[in-house]
Amino acid sequence: RGALPFMSTFGMSFTPLDLSSSLDRQLSVVDIVLNKATDEIVSVSKVVSNTNEKWINFSDRFNKLERYLQEHPDIHVVDPTNRVTPLMDRVATQSLLEELPLIEVAAGGAIVRPPRCVKVTGFDDAALFDKLKSANLVVPTIVKPQIACGASESHTMAIVFEDRGYSNLAVPLPAVIQEYVDHQSVIFKFYVLGEQVFYSTRKSTPDAVVLRTMINTAAPIIVFDSLKTLPTGRAVDEKAAESALDITAMRSTAAALRRKLGLTIIGFDVVVSIHTRDHVIVDVNYFPTFKDVPDTEAVPAFWKALQESRNTRTI
């Protein structure tokens, strides 16, 4: 997309790092180290910890770079790995979202919020339904592994239509159980580059009753791979659905999320509940592709975000 030009453009030029060679020589002429830590994950532990315990294993070459950057804190990094790792853990991400300031939506009484959610370590636990009740969770729900990336099993999910569907559920543990938000088959993809915010509209899974009818199943669950496509809803008037989106509230949310995470490049997904008009943040990720944003807008915004990040850095 021309986002990483070798020749000076917009006062910037980019060069790849050869991590098998001396970093001293290469980084002596570098102002910013741009990296995507999630691309360097080798493996993750089955049990995710919110402590300093190491549960993500990165490639040797990335560990080499990390050690060098720790020894040279004067080098500006976009973005530091310790700020990215919470987004690899769905429980940590949920906690961060719950700590955001309350943002109201123009529709009376509606707010921006994360989905109702509870962490579980087993689906046949006698206390499972007590946990669900405490979290005000009733079927339908969507069940996801706590680990959000870095392992193939992190993409194995399920939609549960009936309580009996939890028994022996084939989703890796620990897991999170979230409310399934009926959202008129429309999802809003937000892209944050520094202070600039873009969004696009995409078709999404149907409301729960419609989804179950479409796949014609009496089974109490659907187990699926999130990298593959579930059925999307029938053709909807995206413009009409978009009219329910409070873009001012979402820009405020993007700014609050960026401040909370301390990240330069973020993506997050929002659905609007057809029942309450709440704007529900169903996913947050680092360094999205921005494929829905035209190059003429995304690339200059990317360059500007990098420059602003360096100019406002704190060590």
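One-based numbering along the chain as shown.
Note that Cβ sites are derived from N, Cα and C of the backbone, with glycine treated the same way.
Unlike curated records, TrEMBL annotations are generated automatically.
Quick caveat, the model's predicted, so the values are computed rather than measured.
Feature annotation from TrEMBL assigns ATP binding site to ARG90, LYS144, 178-189, SER204. In the three-state DSSP reading, ASP182 (ATP binding site) counts as coil.
Here TrEMBL flags HIS155, LYS189, ASN285, THR289 as 1D-myo-inositol 1,3,4-trisphosphate binding site. According to DSSP, HIS155 (1D-myo-inositol 1,3,4-trisphosphate binding site) is assigned to a helical segment. Note on HIS155 (1D-myo-inositol 1,3,4-trisphosphate binding site): other Cβ atoms within 10 Å of its Cβ, all shown chains, come to 17.
Taken from TrEMBL, the feature Mg(2+) 1 binding site applies to ASP269, ASP283. Taking a C-beta cut-off of under 8 angstroms and a sequence separation of 6 or more, ASP269 (Mg(2+) 1 binding site) has the following same-chain neighbours: ILE187, PHE188, LYS189, PHE190, ILE281, VAL282, ASP283, VAL284. In the three-state DSSP scheme, ASP269 (Mg(2+) 1 binding site) falls into the strand class.
ASN285 (1D-myo-inositol 1,3,4-trisphosphate binding site) has a Cβ environment of 18 other Cβ atoms inside 10 Å. The Mg(2+) 2 binding site annotation in TrEMBL covers ASP283, ASN285.
Feature annotation from TrEMBL assigns domain 'Inositol 1,3,4-trisphosphate 5/6-kinase ATP-grasp' to 115-299.
Neighbour density at the Cβ, taken as the number of other Cβ atoms within 10 Å, is lowest among the binding-site residues GLN178, GLN184, THR289 for THR289. Residues near TYR180 (ATP binding site) in space but far in sequence (CB under 8 A, at least 6 apart, same chain), listed by position: PRO140, THR141, ILE142, ILE159, ALA208. Across the residues annotated as binding 1D-myo-inositol 1,3,4-trisphosphate (HIS155, LYS189, ASN285, THR289), the widest Cα-Cα separation comes to 19 Å. A Cα-Cα distance of 23 Å separates GLN184 (ATP binding site) from HIS155 (1D-myo-inositol 1,3,4-trisphosphate binding site). Annotation for ARG90 (ATP binding site): same-chain Cβ neighbours under 8 Å, separated by at least 6 residues, are LYS144, PRO145, GLN146, ILE147, ALA148, VAL176.
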